[in-house]
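K.L.:
First the structure, then my questions, so here it is.
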Amino acid sequence: MKTTTEGLSGKEARDRSVARLLTAATFASVGVALTLVVAKTVAWFMTGSVAILSTLIDSIIDTGASLLTLLAVRASLAPADENHRFGHGKAEPLAGLGQAAFISGSAVFLVIHGIERVLVPEPVHGNMVGIVVMVLSTVLTLGLVAFQKYVIRRTGSLAVGGDSLHYTGDLLMNVSVIGSLVIGLYFDIPLMDPILGIVIALFLMVSAWEIGHMSINMLMDRELPEDERRRILDICFDDSRVLDVHDLRTRRSGQTTFIQLHLDLDGNLSLTQAHDITSDLYRRLAALFPQSEILIHQDPIGEDDDEHHPTFAYSDSRMPPEPQ
């Protein structure tokens, strides 16, 4: 048996709300990225700062990554069709891998350019125009990240999460650049600028790894975190009529959580009673995972059907022990 997590009208309303939020987040990301590219290009020409160049390159990469995110989100929101009966949710982690590749490439370029400036230092011409542009960039980026965090809380989007991760890195970069420009106004420390550029590049590499790792986990159908699996089992055993649970399998695809499990019930229960137990469990799991597809199979207690149960699923209700 299978059920959706909400009544039809409620599910449709939620889907529309999620679609609006994701669309707004992706368009906002592209708009901010384009604005920052223009502003930082002007600032770089006026200052010659490697740190500003690093943030300019990152903003150019952000524009490409944000466009990729926009296309991926639009694809992931497409309804299931004859050839994609589980939907198109994995378009999001594919976009995440693209983002990781973009960010890694830009980080390598910045490291190379920063090393060149360390070997052949050049003065940074700090000026108020550059500082004002970078402050503006920081304010715009802060507003975008705040909006993205709100959308992530409401939708759980991996693509928007990846976008938000490197924009969070941009915030740190912008603050570092502002510091470099301010120092350039009053002190002659030419090595400060390329060193900051290299530090920023290293941060980008870490961000790329995190985005790529999350994306691969979703593409490979990694199980939900153990604490979430334990909560699923706790909900099952809240009903004393559930005698055991086995073959719990979970995964996420885009915004949808997939849950499959087998219930062991008293074999003397009527079909109606077994159906009522399962329906109640559906509702409680749906409350925990508002956007999910749940598949539950009922077994009479003691039935030996191990041949039908994959060995990689937990064979009974016992989970691995809690870390000590």
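Every residue, even glycine, has its Cβ placed from backbone N, Cα and C.
Keep in mind that TrEMBL annotations are predicted by a computer and have not been checked by a curator.
Pulled these features from TrEMBL for this protein:
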- 21-45: transmembrane segment (TRANSMEM)
- 27-220: domain 'Cation efflux protein transmembrane' (DOMAIN)
- 51-73: transmembrane segment (TRANSMEM)
- 94-115: transmembrane segment (TRANSMEM)
- 127-147: transmembrane segment (TRANSMEM)
- 171-189: transmembrane segment (TRANSMEM)
- 195-212: transmembrane segment (TRANSMEM)
- 224-300: domain 'Cation efflux protein cytoplasmic' (DOMAIN)
- 301-324: region 'Disordered' (REGION)
K.L.:
With pairs 6 or more apart in sequence, are the transmembrane segment (195-212) and the transmembrane segment (51-73) linked by at least 3 Cβ pairs under 8 Å?
P.N.:
yes
K.L.:
What counts of helix, strand and coil residues does DSSP assign across the domain 'Cation efflux protein cytoplasmic' (224-300)?
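P.N.:
Once the DSSP states are binned, the domain 'Cation efflux protein cytoplasmic' (224-300) shows 30 helix, 29 strand, 18 coil.
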K.L.:
Between the stretches 21-45, 51-73, 94-115, which one has more Cβ pairs under 8 Å with the transmembrane segment (171-189) than any other?
P.N.:
51-73
K.L.:
Which residues of the chain, 6 or more past the ends of the transmembrane segment (21-45), have a CB below 8 A from one of its CBs?
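P.N.:
Same-chain contacts beyond the flanks: 52-53, 55-56, 59-60, 62-63, 66-67, 69-70, 73-74, 77, 129-130, 133-134, 136-137, 140-141, 143-144, 147-148, 151, 154-155, 157, 159-160, 163, 167.
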K.L.:
Excluding the flanking five residues on each side, which residues at least 6 beyond the ends of the transmembrane segment (51-73) place their CB within less than 8 Å of a CB in that stretch?
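P.N.:
Residues 22-23, 25-27, 29-30, 33-34, 36-37, 40-41, 43-44, 91-92, 94-95, 98-99, 102-103, 105-106, 109-110, 113-114, 124, 130, 134, 137, 157, 159-160, 162-163, 166-167, 169-170, 173-174, 176-177, 180-181, 193, 196-197, 200-201, 204.
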K.L.:
Could you please provide the mean pLDDT value for the domain 'Cation efflux protein cytoplasmic' (224-300)?
P.N.:
91
